[in-house]
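Engineer: Please find one structure pasted underneath; my questions will follow.
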Amino acid sequence: MGWVEKTNTAVAKSFVGRRFRLEFSGHRHERKGSRFLTEVRAGLATFFAMAYIISVNASIVSNTGGTCKCESSGDFEFTDAYCTNSSNPAYSAYIICSQEVNRDLVTGTAAIAALTSFCMGLFANMPIALAPGMGLNAYFTYQVVGFHGEGLVSYRLALTAVFVEGLIFVALSILGLRQWLARTIPSSLKIASGAGIGLYLALIGLTYSAGIGAITGSSGDPLELAGCVPALIGADGTCSSGKMRNPTMWLGIFCGGIFTAFLMMYRVKGAIIAGILLVSIISWPRDSSVTAFPHTPLGDASFDFFKKVVTFHPIQHVLVVQDWNITGSNAGQFAVALITFLYVDILDCTGTLYSMARFCGAIDEDTGDFEGSAVAYLIDAMGITIGSLFGCPPVTAFIESGAGISEGGTTGITACVTGLCFFISIFFAPIFASIPSWATGCTLILVGAMMARACTDINWRYIGDSIPAFLTLALMPFTYSIAYGLITGIVTYVILNVGAWLIAKASGGRIMPHDYEHKDYWTYKVRGGLLPGWVKRAAKGKRDFWREWDFDAEELTSRDSYAMAKKRGDGDRASGISISGGVGAMPVLDTVITGDRNWEPGNPHYSMDLNHEDEMGDLGYGSSSRR
């Protein structure tokens, strides 16, 4: 036995192993295939895949100007109130202040990512890291606050809306409404959301802001081939010349993409980390064509920050700057910001968290839920509120968590390691903030490719399921929003399927859609009900209601609950089988126990009146074996 096996075994047998349910820990719900060192490597992979958020989020949000004020005077007071004109005498002071806000946000982003990721791993035992969300930060910056504060909502008031939104999410999570929403979304839409997030991730990896810069937006075409050096990017964001000649793009493709893909083909452990590190190390020397620190004012400032290596920058401008004057003239703006963030985040955050849980195999196909979901949603919600105190836009589960999951991460140790890395990055911000976007771009594309494999599980046989699913996965990247994709899919699903149901009722069942028997079954009466388990346990008088029953009877039907409770009182607590006659006696099964599938439609032993079968077919059961 080598040191790797010894280390994994020792940790699995320890308190840490039982807490995180590692394999061989002896926990009855241990997660098969989980190893301590694999979890550590997965946590590092997740961190390196999403480390760009430290600098990218700070760069995007600082475009709002934060709490900086444009002190324009003279004619500029009327023509350039937001310091967008470089000839304005107040422009330089404003930009310097924005740079300080940028560095404040580097610290704030790393701090909230460290706190929420570690808590997600420790309390929810999920390999999912959190940070201010890409897309959400762009929405916060350019559509709510506006460039240099040109929007209708001020930076301070927008942070107040984010703070209140987080508290509302906490209440929804405690009451189980977010879990219920995630479980009631139709199966094909949930699968499509995971694939759509994969495409969304690939799009991020192909762009300039957080990727290799192979594509860009265009005024004529929605997307256009790019790949030119930044100096050749025109005012409209397109390449005026030199397409596909940017050396950093080719470095990212071959060293961060092809090299990593080869390592993954041969199942080399740490393939994703190796690709990111290789590109970063090549890009750090300054006098090269692929340097991350060109000889420009911005490059000089970045290199000066990089040379500090170890430093701590305290938050000075954006720490607890909420504007609580939410009455009078600010009431309308606050309400608009709050409602906007609520409807975008409730689908964006919930959809992302559910998709990552599905990607790591944690979803229970019977209930449509995952272990520790209530705690996971609660941590996500509290992270939104706490993050606003650090000056950050809404925090969400990060789709780059897929990088660590693809490395084998299945427990909360992965998220804890990622959180610790973010905590260290607070003091090593010059290093971690200097990982160039082209080092992580192809990593995002590769992870997106792995997530897109879920497309094969979509029910393509029935139009009422396939069209909404396709719109969901297509509009996520095309609108650069997870929420808009889900909204479109849900609305289309309701229109098509409610319409088909009304026609069927009006015609007495004579007019039915083609292949209706292949429709995925759906009901809003999901297993487990609307209220979370802790509410039910508290209502039943369980003192430690925050702990699950040894066998959670409220998750079963009444007949199963009685049978299992009877068995629990007499015999084996784990299996629900009564044992008699001492050692070696045969187990006695005197009634239905969990695992008996005879009651399901389509089972050979199942019997039901034909009229009832027709009713079940109307609900989407039909004669197909697909459910």
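Positions of Cβ are set from backbone N, Cα and C atoms, glycine also.
Pasting the feature list from TrEMBL:
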type: TRANSMEM; residues: 112-135; note: transmembrane segment
type: TRANSMEM; residues: 155-177; note: transmembrane segment
type: TRANSMEM; residues: 189-215; note: transmembrane segment
type: TRANSMEM; residues: 248-266; note: transmembrane segment
type: TRANSMEM; residues: 334-354; note: transmembrane segment
type: TRANSMEM; residues: 374-399; note: transmembrane segment
type: TRANSMEM; residues: 411-432; note: transmembrane segment
type: TRANSMEM; residues: 486-504; note: transmembrane segment
type: REGION; residues: 604-627; note: region 'Disordered'
Engineer: Report, as numbers and ranges, every residue of the chain located at least six residues beyond the transmembrane segment (411-432) whose Cβ falls under 8 Å of a Cβ in that stretch; write 'none' if there are none.
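Structural biologist: Residues 16, 20-22, 31, 34, 36, 39-40, 42-44, 46-47, 50-51, 54, 106-107, 110-111, 113-129, 131, 305-313, 401, 404-405 contact the transmembrane segment (411-432) from elsewhere in the chain.
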Engineer: Please indicate, using numbers and ranges, the residues of the same chain that are 6 or more beyond the transmembrane segment (112-135) and have a C-beta under 8 Å from a C-beta there.
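Structural biologist: Same-chain contacts beyond the ends: 19-21, 39, 42-43, 46-47, 50, 53-54, 56-57, 61, 200, 204, 210, 348-349, 352-353, 356-357, 360, 362, 370-372, 375-376, 379-380, 382-383, 386-387, 390, 392-398, 400-401, 404-405, 409-423, 425-426, 480-482.
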Engineer: Among 155-177, 189-215, 334-354, point out the range having the most Cβ pairs under 8 angstroms from the transmembrane segment (374-399).
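Structural biologist: It is 155-177, which has the most Cβ pairs under 8 Å.
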Engineer: Given a Cβ distance threshold of under 8 angstroms, which distant residues of the chain, six or more beyond its ends, lie next to the transmembrane segment (334-354)?
Structural biologist: 128, 133, 135-136, 139, 144, 152-153, 157-158, 160-162, 164-165, 168-169, 172, 178, 181-182, 190, 193, 197, 326, 363, 370, 376-377, 380, 384, 394, 396-399, 481-483, 486-487
